[in-house]
Amino acid sequence: MVASRIALLSLFMVFAAVSGKHRVHQTLVSSTSASIIFKPAEGHKRIHIDLFTNQKRTFEFGLEEVPKFFGYTCWFANKMSTKAAKLRMQLPMVAGVLDERIFMIADATLHVYTLLECEGGHYGAQCEKTCNAKSSINQRCDSLGRIRCDYGWMGPQCAQVIDPRECGCQNQGACVSTRLFESNIGAQERLTCECRPGFGGDFCEIITNKNATLQTVDPCALSGVCQNDAQCISNGLVPFCSCAPGFAGKYCNIKLQPLEEPPAVGVNPLYIVLIIILIIAVIAFNFFLKRKYNNMTRLLRASNVKNPSKVFIVENCMYNDDEEAKYAEPAWKF
């Protein structure tokens, strides 16, 4: 067994295949550089892979025919030596089985993870039963054929991601929504723990049979699932990524764009000068009017006129109309 820890990088390869009752996910991980010829299932072509140290490859395909066992073949060659091995494995076709196999050759270790799931609209141990769930909108059939949100999703449209920390499930129980479509419309949605076989209780804390101690593969064991320094939290067989600030998406692979500040409005210096000149002109004009008013007030007070209403101004001079009439009248009278 290689003592060095395995760090994994995400590199997904999805092969087009006829969608069937089963959905198969397989992940290959090598502890060192290796050449691999992998045949995932009958009816699929061989895949030639060059795996580097600290790297993983994931394949996803569907199976229409449901054999009793699912088999795959792998030719594994360590690039650091001349040794090679041919590996064959068969797994029982049971929905929800997450299998881990470890193969060793010389100083190299190959991990093969296999997860068998029912396609949307199928359920049962052999996915032989059907319901109206649509996997394209994150729906699934539960063990009783009821339509529910798929693992990791909640909300009326199954579009809201579930944070498994809100449930506190133990022993790899899954935090799921209680929403049931087509049966309890209008019922209040809440989160609950869905236990894997062999466990029970509100938090899957109770062991119900001796086989319950067999651990399944932790989905967060494959590092690199959550990107950009996100925290990976297991939700049953599904990883939940708690994103760091500035990132979003199921795997925190989307970088959020910061909000742009509105551009500063530039002010032309000429406008500032014109405004200052206008302010000075207004102040000067007001000062001129006030000074003129004060001069007129002083002249009126100095004239000692009893009836100011008969005083008129001609070229800044004051005249009394009575005095003017006295001198303008002739000295003789008829």
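The backbone N, Cα and C atoms fix where each Cβ goes, glycine too.
Lifted from TrEMBL, the feature list:
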DISULFID  CYS118-CYS127  disulfide bond
DISULFID  CYS149-CYS158  disulfide bond
DISULFID  CYS195-CYS204  disulfide bond
DISULFID  CYS243-CYS252  disulfide bond
DOMAIN    116-158  domain 'DSL'
DOMAIN    163-205  domain 'EGF-like'
DOMAIN    216-253  domain 'EGF-like'
SIGNAL    1-20  signal peptide
TRANSMEM  270-289  transmembrane segment
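When the alpha carbons of CYS252 (disulfide bond) and CYS158 (disulfide bond) are compared, the span between them is 19 angstrom.
In this structure, the CA atom of CYS158 (disulfide bond) is 18 Å away from the CA atom of CYS118 (disulfide bond). CYS243 (disulfide bond) sits 34 Å from CYS127 (disulfide bond), taking the CA atoms of both as reference points.
Looking only at the disulfide-bonded residues CYS149, CYS195, CYS204, the one with its C-alpha closest to CYS118 (disulfide bond) is CYS149. Between the candidate disulfide-bonded residues, CYS127, CYS149, CYS158, CYS195, CYS243, the densest Cβ environment within 10 Å is the one around CYS149. Sequence-distant neighbours of CYS204 (disulfide bond) (same chain, 6+ apart, CB under 8 A from its CB) are CYS169, GLN170, ASN171, GLN172, GLY173, CYS193, CYS195, ARG196.
With respect to Cβ neighbours within 10 Å, the disulfide-bonded residues CYS118, CYS252 differ, and CYS252 shows the lowest count.
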